[in-house]
Amino acid sequence: MQKIIVPASSANLGPGFDSLGLAVDRYLTLEVLEKMPNWQIEHDLGPEVSHDETNLVIKSALTLDKDLTPHRIKMNSEIPLARGLGSSSAAIVAGLKLAQVLSAKQFSDQELLEVATKLEGHPDNVAPALFGGLTISLIVNERPQTIKATFPEIGLLAYIPDFELETKVSRSVLPERLEYATAVRAGSVGNALVAALLTDDLELVAELIEQDGYHEPYREKLVPHLKILRELGHKVGAKGTYLSGAGPTVMTLIAPEKMASFIKAAREHGLTGEFTQLAVDQKGARSEEI
Ligand SMILES: Nc1ncnc2c1ncn2[C@@H]1O[C@H](COP(=O)(O)OP(=O)(O)O)[C@@H](O)[C@H]1O
Ligand SMILES: N[C@@H](CCOP(=O)(O)O)C(=O)O
């Protein structure tokens, strides 16, 4: 039997809006079971996620190859829905991997990236879900491209609030236009953040990852805990806090030995969501025979 494994992802990393993404070790898995007259996908993700060919996983698979033979699929996901950890991208990438497993045709990594980006609308989550690690992605000449890089050695602590925030809702508060000077500054901060990440300059990362000008200022009202966690991070010497994807999850780069005091302080400020330590997934989406 084939098993497909796809990591969660944390996008933007502050000023890398719609471009930077990091694969993390929470997983969506698919088990490919017997052939069926119609597609059937078993899961316990709740009533809003369908069990037939309308499911995002199956729709994505059929986008790559519309002639796939229907199967029974068992899906398990550790990635919470609509929390800013790339659940929809993981579902899309899982569908593309499913098509790769079941189809007689061959698909290149570039084809997978192109179809996944088209389905998700931006490449920052699908690229790390596909390839693992830190990815720097863009769409140029209408083609998505991505560069895989290594992430500095630093702990990752996610705060996952106990409410959902759909990406489309969180994108609806963004402005249609930015003033020229604001855009220039936001671009230069993003460029310098990438340089700081690639040169392991954690002090500069800590400063720049909190200097986004593209999305966090507009989303702050939807995620009031971002400011609280950022300020607590400064007190305990964290290496930066950013809104993971479209939120509401907030990610803090912080040494593991500082996590307990950070969490204690956050609880004292009334934050009741889940704290979870994450690690970078280096492998990205994979399929294996079990
Ligand atoms: N495993 C899955 N199977 C099918 N659909 C999924 C799955 N995971 C997520 N989705 C769809 O994606 C939506 C969440 O997407 P989105 O708002 O972009 O949040 P996220 O930040 O988690 O990607 C869910 O409401 C659901 O419709
Ligand atoms: N760049 C996107 C990222 C959305 O990530 P998700 O994990 O919330 O789906 C955005 O910020 O809108």
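Just so you know, glycine gets a Cβ as well, placed from its N, Cα and C.
Just so you know, TrEMBL annotations are computer predictions that nobody has curated.
Since the structure is predicted, the reported quantities are computational estimates derived from the model, not experimental observations.
If you draw a 10 Å sphere around the CB of GLY86 (ATP binding site), it holds 34 other CB atoms from the protein chains shown. According to TrEMBL, the ATP binding site annotation covers PRO80, LEU81, ALA82, ARG83, GLY84, LEU85, GLY86, SER87, SER88, SER89, ALA90.
Among the features that TrEMBL reports, domain 'GHMP kinase N-terminal' is placed at 55-133.
The annotation domain 'GHMP kinase C-terminal' is assigned in TrEMBL to 194-265.
Each of the binding-site residues PRO80, GLY84 was assessed for Cβ neighbours inside 10 Å, and the highest tally belongs to GLY84. Among the binding-site residues PRO80, GLY84, GLY86, residues whose Cβ is positioned under 6 Å from ligand 2 are identified as GLY84, GLY86. Counting every protein chain shown, the Cβ of ALA82 (ATP binding site) has 20 other Cβ atoms within 10 Å. Taken residue by residue, the domain 'GHMP kinase N-terminal' (55-133) breaks down under DSSP into 46 helix, 7 strand, 26 coil. Neighbour density at the Cβ, taken as the number of other Cβ atoms within 10 Å, is lowest among the binding-site residues SER88, ALA90 for SER88. Here the domain 'GHMP kinase C-terminal' (194-265) returns a mean pLDDT of 98 for the predicted model.
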